[in-house]
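Residues or ranges marked as topological domain 'Cytoplasmic' by Swiss-Prot on the basis of sequence analysis: 1-272, 544-575, 632-648. Here Swiss-Prot flags 5-243 as domain 'ABC transporter'. Per Swiss-Prot, ATP binding site is recorded for Gly41, Ala42, Ser43, Gly44, Ser45, Gly46, Lys47, Ser48. Look at Swiss-Prot and you will find 273-293, 523-543, 576-596, 611-631 tagged as transmembrane segment. Annotation comment: Swiss-Prot describes 294-522, 597-610 as topological domain 'Periplasmic', evidence class sequence analysis.
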Amino acid sequence: MTPLLELKDIRRSYPAGDEQVEVLKGISLDIYAGEMVAIVGASGSGKSTLMNILGCLDKATSGTYRVAGQDVATLDADALAQLRREHFGFIFQRYHLLSHLTAEQNVEVPAVYAGLERKQRLLRAQELLQRLGLEDRTEYYPAQLSGGQQQRVSIARALMNGGQVILADEPTGALDSHSGEEVMAILHQLRDRGHTVIIVTHDPQVAAQAERVIEIRDGEIVRNPPAIEKVNVTGGTEPVVNTVSGWRQFVSGFNEALTMAWRALAANKMRTLLTMLGIIIGIASVVSIVVVGDAAKQMVLADIRSIGTNTIDVYPGKDFGDDDPQYQQALKYDDLIAIQKQPWVASATPAVSQNLRLRYNNVDVAASANGVSGDYFNVYGMTFSEGNTFNQEQLNGRAQVVVLDSNTRRQLFPHKADVVGEVILVGNMPARVIGVAEEKQSMFGSSKVLRVWLPYSTMSGRVMGQSWLNSITVRVKEGFDSAEAEQQLTRLLSLRHGKKDFFTWNMDGVLKTVEKTTRTLQLFLTLVAVISLVVGGIGVMNIMLVSVTERTREIGIRMAVGARASDVLQQFLIEAVLVCLVGGALGITLSLLIAFTLQLFLPGWEIGFSPLALLLAFLCSTVTGILFGWLPARNAARLDPVDALARE
């Protein structure tokens, strides 16, 4: 009869400083299907090391070990995990149940790594627990179960994938005598069902219940009676076979990994929340700065547009502050007419201004009087609360009419409901009020100077008595480049004057400068916020590294029941990403709350969230989870299962 487990000259040594300590010294052993074997020996005899090699948790330094004729030395880590998953079931002295899972969920774990569908897995777990007398304890956590009940859950887990070979390490060592007898009775039943049962113990009474007792001392077998030949041995229940297609198996495996990650995080709620806090603050900072910064930029640009966008101002002289008399009369009315004829000009308004006194009854105030055309108010985005602007007839006839700003109206007519038609003195000239213009509120504040507007012809001819203009404002048509229009305007006036005795000021240039400045400032603030996100990511990595250390034994348990290194890597990586994703969602929620609060206090601001910004936030949190979760996950996947199981 061919042995199920065959060991030939197995040696296992470990480094101890500069030397090698040999724990197993040429072990040769055959174990047949259906046997109940006890391996006994004192502490330090090498029996646990032998069990680890038998269960494919450890590899021999030299020698040959075959499982059902297959040489274990030729298998890689994933193939060894498959071998453990399909052939072996482990029963540990300390049960090694996962504390955050129920009895039923603990039993399901091996089948999760076997890729069994959830429904089949659940039915099998319930069936095994019922067979072991725990049908009313399926939803209990390990802490709610007695030692004997926990060991029965451990046995059910060992049988989940078939458990052709049951490896029991001191199965009664942590139990009272009654519970120990129950566990041994179950092991006898498993032997009777065809399972191969290997018990590692130092208790002679437990060993005596086996059909064959193998004694090991100082790494050598000192007693190995011949196996009792068995007939009609089925080799235990057949291994669980996964018939699910590759794609469905991948999706199912990912969903299970996600579920396990969520359970692990939920088991330490406070720590998970504190870990998320860095991500929450980081994402909220990034999103808030981007969104609020964009709203502030739009507000600034709107203020600049309210002054007049796509406009070019022309002034006499070389530059601002130039009061040279030879340039004072550089701009003429003929220049205005020539400019208005250009194809790229939407409108052009002249401006002549002077500080004058305004009088109405016994009220006397100082104001800036400006001579303009009717287009002036459209150019600067001004609206009328009362009346209207000048018409062409009033411009041509030098009509004695005036438009007030809202501050002037309040000073001159504090108690009048309608001021259109009232007559005031502008300097010494009577003028009838035809409108009240409302200037757009600016975040830069309003001017303290009272302002009134008259037709430029009236201002020049009747008030100031001058034939030249103080400035000309040109509005460029939509679709024309403002910089190109400025160059053409400069060429036109230079040709007309025979020299360049004027200078221009392009509002579009100011707009671009402000856009660049706000974009730079927003980028700087975003980088500061990203730093907080990186700090949050480092916090996630730190906690995950601590988690790997704390859960080392859990990792060992998962590997013992058949988890591959990639399964462990996936689980811890998903945990890190899950922390960051949930933190990202909470961070976005916090940023929405911040935006809503700001909207209440700053009603003029238009704060909005684009789908792209939200998508980028989620992408950012996912990338953070992957980047900062990779190192802890890799460390977890690289753990040796024997060392992991031995860790307390």
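Cβ from N, Cα, C; glycine included.
Across 273-293, 576-596, 611-631, stretch 273-293 shows the highest tally of CB pairs under 8 A with the transmembrane segment (523-543). Here the topological domain 'Cytoplasmic' (544-575) has long-range neighbours at 55, 57, 77-78, 81-82, 84-86, 90, 96, 98, 109-110, 113-114, 157, 160-161, 254, 257-258, 260-261, 264-265, 625-626, 628-639, 641-648, meaning same-chain residues at least 6 beyond its ends whose C-beta is under 8 angstroms from one of its own. The Cβ of Ala42 (ATP binding site) lies under 8 Å from the Cβ of His202, Arg217, each of these being in the same chain and 6 or more residues away along the sequence. Assigned with DSSP, the residues of the topological domain 'Cytoplasmic' (544-575) fall into helix, strand and coil as follows: 27 helix, 0 strand, 5 coil. Apart from the site residues Gly41, Ala42, Ser43, Gly44, Ser45, Gly46, Lys47, Ser48, the chain places the Cβ of His202, Ile216, Arg217 no farther than 8 Å from the centroid of the site's Cβ atoms, the recorded ATP location. In this view, Ser43 (ATP binding site) is surrounded by 7 other Cβ atoms within 10 Å of its Cβ, with every protein chain counted. Proximity of distant same-chain residues to the topological domain 'Cytoplasmic' (632-648), defined by a Cβ-Cβ separation under 8 Å and at least 6 residues beyond the stretch ends, is recorded for 52, 57-58, 92, 96, 541, 544-545, 547-548, 551-553, 555-557, 559-560, 565-566, 568-573, 576. The average pLDDT for the topological domain 'Periplasmic' (597-610) in the predicted structure is 74. Taken residue by residue, the topological domain 'Cytoplasmic' (632-648) breaks down under DSSP into 12 helix, 0 strand, 5 coil. In the three-state DSSP scheme, Lys47 (ATP binding site) is classed as helix.
DSSP assigns Gly41 (ATP binding site) to coil, not to a helix or a strand. Under a cutoff of 8 A between CB atoms, and with a sequence separation of 6+ in the same chain, Gly44 (ATP binding site) has no neighbours.
When other Cβ atoms within 10 Å of the Cβ of Gly46 (ATP binding site) are tallied across all protein chains shown, the result is 23.
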